[in-house]
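Feature annotations, reproduced from TrEMBL:
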- 6-29: transmembrane segment (TRANSMEM)
- His10, Lys82: heme binding site (BINDING)
- 50-72: transmembrane segment (TRANSMEM)
- 78-101: transmembrane segment (TRANSMEM)
- 113-135: transmembrane segment (TRANSMEM)
Amino acid sequence: MLYLYLKALHIIFVTSWFAGLFYLPRIFVNLAMAAPGAETDRLLLMAGKLFRFMTPLAVLALAFGLWLWLGFGIGGGWLHAKLSLVALLVAYHGYCGRLLARFRAGRNAKSHVWYRFFNEIPVLILFAVVILVVVKPF
Ligand code: HEM
């Protein structure tokens, strides 16, 4: 029973974290197109608040995942493959923080098209991870 509640919490925090992982790079697309001024300031405020909110959600999602894994003797190839993808996702999250810092410093060097492609990376990771945990193909 505890296991199922922990899994439910894991899924809730993963979903909430992903809301940010999907939306923050969308704000970057708009920031990359905006001229300096009021619009940029508002977008920077939105991005900053979102990123600050996303980080504790990521920590909770990972903490419940680790509890499920280490507390209940779960294992298998699918889990190792999933953990590699989770490591990529954490790197993506950290890189978003660096990109945000560059926008704040007025030093963004990437185009809105680049951010549109960058925005798709969490979608691909989500597809792969959900298939791995549900199907457990190996
Ligand atoms: C440190 C990171 C993580 C660890 C150690 C971890 C571990 C686990 C474990 C052990 C389970 C239970 C599997 C089962 O009962 O069959 C689980 C379930 C799940 N995890 Fe994670 N997880 C982590 C991060 C993530 C992330 C980032 C995502 C999304 C991209 C995710 C998505 C899911 C989903 C959707 C389930 C439910 C699968 C089901 O219905 O059985 N996890 N996780």
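Cβ from N, Cα, C; glycine included.
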For the transmembrane segment (50-72), sequence-distant contacts whose Cβ falls under 8 Å of one of its Cβ atoms, 6 or more beyond its ends:
3, 6-7, 9-10, 13-14, 16-17, 20-21, 23-24, 27, 79, 86, 90, 93, 96-97, 100
Around Lys82 (heme binding site), how many other C-beta atoms are within 10 angstroms of its C-beta?
21
